[in-house]
Every structure is written in structure tokens, then in C-alpha cells.
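Let me begin by presenting the structure, written as C-alpha cells, before commenting on it.
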């Protein structure tokens, strides 16, 4: 038996640091991606029973890793929304290869967004397994590769007869999301210190959210709502080729910069988590599913995030049902309101992350943000018909709370399920989000396109969020990660 002593004092020398570099032991029999590399390596190298002193150390590489991940997530979010935000234009351009019935054609374009929800549900589990076995670099690189491949395929789809080519490219991009969407809490806990994990999770989540915001504005501004199909085609070509080039550069950068793990854990809680958890993917899933507090969070998070997905997907028809339906600026204004939904959430999430890092009041912040999301949605539902600038204001308010809830829910899930793997809990939360998002979107779509009941579709969101608020209030779990962070520094390696 040997003793591994972790310390916050970075002046303490790290014994045999070269021997515990994560890149040198990717294929080692002594480690797996969820175990502390240094603990396992030290165990193998401690025949003389010499104690090891390892400081909690933060590595500069964490910043480019975070930036590249945010860019990857940004391009994924951009492609998720780029078709539905200009739905009427896409239906007009691909009219030759879309179904002739208007409702069916609109439904096909809506599916370019729903694909991301449908594919995530089954693919999240092999993606979690891949992360469990191969680690951060392989998992994220797989997602970045598929994202780039799908974007490049769409470059060949700029003809009115090639709807199924663009749909195939979108399908591959949708599959890519399964490998990156649940990563933020895992990346934050693995590479960043305990005093910044909530803020970093917020930043990692908002790579995707900024991508959605840009996906609302850029296509709506670049692709004109005109009858000239040649002009629309030229603008779509610029859009697809630009996105394809950016996605390719992100994939190459990820291959070069990413690492599986830092050489040493960044915090006491992470060190203890990596040491104490029995690393079995199936058992981890079972523990999470049997955690009643986590199941309540699954329901509440799924209802809130699913509502956000539904609003984002159907913004174009919701807005056009009230304003500017016959004007050329209609799609552009729909894009602006979508951008406000996302950008409004950035300060909300960063503020919530800052408060969480300073106060650790996870339950209060989570419940408060959820309740305010419900109230903002109710306000939006009751006032959207008055004026488009009123809609702009209420949508910004809605985004501040609803979009801001995304990283808060992630971090609360980590606290509830500690010491289980952060990526697995995050991925399960996303699975719930996709299931509810798909269901709510289809129900709203029926109300809007089949019955023309836009108000009732929005009121349905209010009811959903009211139920989610009640469920959130029922969660009574202790903050397990915070308890571990206050525990001892000494870990025993048998």
C-alpha cells in the first residue's frame, strides 16, 4: 500500500511527473479515462513504497482546450438552427424535391432541427461509453469529425433538386452532437479548479448557445426572402462553404491541442472522485437511475430545456403568425428575436455561474432561475401580440432565465450525483431534454400548422414550465461534491 498526498501547495514537487503524463499512457492497462492517471501510475511504480506528493495543479493547456471545444459546440449549434430559422425560404428553394403539400414540406424542414433530438437519444449511450473508454480527446474529436463531414456534404446540396443531400448532411451533423453536448461539466471538473467549475461549465455550454444565436441571425441576414432562386442558391452556397471550412479547421485544431486528461487532478473533489468511484459504465448508469433526486432533476431539466428547444425550432412560424408575414423583412426579424433569446441568456448563465461559485447555493439558484423562466414565458405568451418590440423585450427576458438555466442544471446534476462521472450525468440530462424537446415541438407544431393555435401552443409551454418548477422544488439532495471538497487530502492507494 502507498499513500498519495494531494496538496493545494503548488510548490510541492511532483514525483516522476514525466511518468504520469496522460498522453504517454493512453493505452496503459493501469488506467482508464475516468481514473486519476497519477494515482494508477503511481500505484504501478511504487514497489519501494515511497509516498508521493502531488499538488492540485492547473495547466495552461486548459484554456485552448476550452476555446476549441466552444468553437466546436458553436458550429454544432449553428447548424442545428440554420434551416428552421429561414423555414419559409428553404421550403421555396427546395420546392422541387420537397413534398408538394405545404404542411408536409414545412414538416420536413422542421425535421432538420428535430434530427438533433432524435439521434441524440440512442447515440448518447455509445458516446458515454466512448468517453468512459477513450477519454475526452477521442470523444470530442469524433464529434468534430462528424460535424465537419456533414457540413462538407451540405456544400454539394445547393440545387433545388438536392433536398435529400442537404438532409443527409444535416443528419450526420446531428449525430455529431451526441459526442459533445454532455461534455461541459466533465471538461470543467477535469481541467479547472473547484472555485471556477460552475463558471467554466457556463462558458462551455454557451459555445453552443452563441452558435444558435449566430444561426438565427446569419442565415436570416445572408439569405434573402425573395422569389429569385438563383440568388437564394448563391447565398446558401456562401453559407454552407463557410461553415464547412470552419468546422474542418476546428476538427484539425482539436486533434492537435486536446489531451485525454491533465497529468494531475485540479481539485480535491476531482481527485477523490477519480479515486473512489468504481469505474464501470453500466454500474454508473444504474447508480444514477436509482438516485431519486437525480430522476426528479431529469424531469425538471428535460421539461425546461425541451421547452427551449421547441421555442427555438418554431420561432419562425410563431413570429410570422403575428408580424410581417408578407414582408421581405419577416425572416430577418425572426432571426433577430432568436438571437435575443440566446444572447439574453449569456449574462444570465454567467451571473448564475458566478453566484454558484461564490455561494454554492445550488438549490436556491436552480429553483429561482426555473421559477423566473416560467414567469418570463407567461409574460411572453400574454404580450407577444402587442408589438414586435414588446416581443423582442420579452424574448430577451425569457432567454436570460431559460437559456441561463442550462449550465445551472448541469452543475446541480453534478452535485447530486457526485462522485459519478460528470459527462454521464450531463448526457442523461441531455437525453431527457431531447425526449421532451421532440415531444413538445411536435405538439406545438400540430397546434400551429394544423389548427393555427399559436397562443395555445405558447400557453402549453407555460403549463410545462409550471410543472417543472414544482418538481424542482421537491429536490432535497445534499451537495455531495461540496462535502468532498471539504474532506481530507490523503487518498490511500491499495
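Including glycine, each Cβ sits where the backbone N, Cα and C put it.
Small disclaimer: the values here were computed from a predicted structure and weren't measured.
Feature list (source: TrEMBL):
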| type | residues | note |
| --- | --- | --- |
| DOMAIN | 65-480 | domain 'Major facilitator superfamily (MFS) profile' |
| TRANSMEM | 65-90 | transmembrane segment |
| TRANSMEM | 110-131 | transmembrane segment |
| TRANSMEM | 238-258 | transmembrane segment |
| TRANSMEM | 293-312 | transmembrane segment |
| TRANSMEM | 333-355 | transmembrane segment |
| TRANSMEM | 361-382 | transmembrane segment |
| TRANSMEM | 389-408 | transmembrane segment |
| TRANSMEM | 455-475 | transmembrane segment |
Ranked first among 293-312, 333-355, 361-382 for CB pairs under 8 angstroms with the transmembrane segment (110-131): 293-312
Beyond the flanks of the transmembrane segment (65-90) by 6 or more, those residues with Cβ under 8 Å of it: 106, 109-110, 112-113, 116, 140, 143-144, 147, 150-151, 170, 173-174, 176-177, 180-181, 183, 187, 191, 200, 203-212, 214-216, 218-220, 223-225, 232, 239, 243, 246-247, 250-251, 253-254, 257-259, 312-317, 320, 330-331, 334-335, 338
PLDDT averaged over every residue in the domain 'Major facilitator superfamily (MFS) profile' (65-480): 85
Leading stretch by Cβ pairs under 8 Å, where the reference is the transmembrane segment (333-355) and the options are 238-258, 361-382, 389-408, 455-475: 389-408
For the transmembrane segment (238-258), sequence-distant contacts whose Cβ falls under 8 Å of one of its Cβ atoms, 6 or more beyond its ends: 61, 64-65, 68-69, 71-72, 75, 78-79, 82, 136-137, 140-141, 144-145, 147-148, 151-152, 154-155, 157-158, 218-219, 222-223
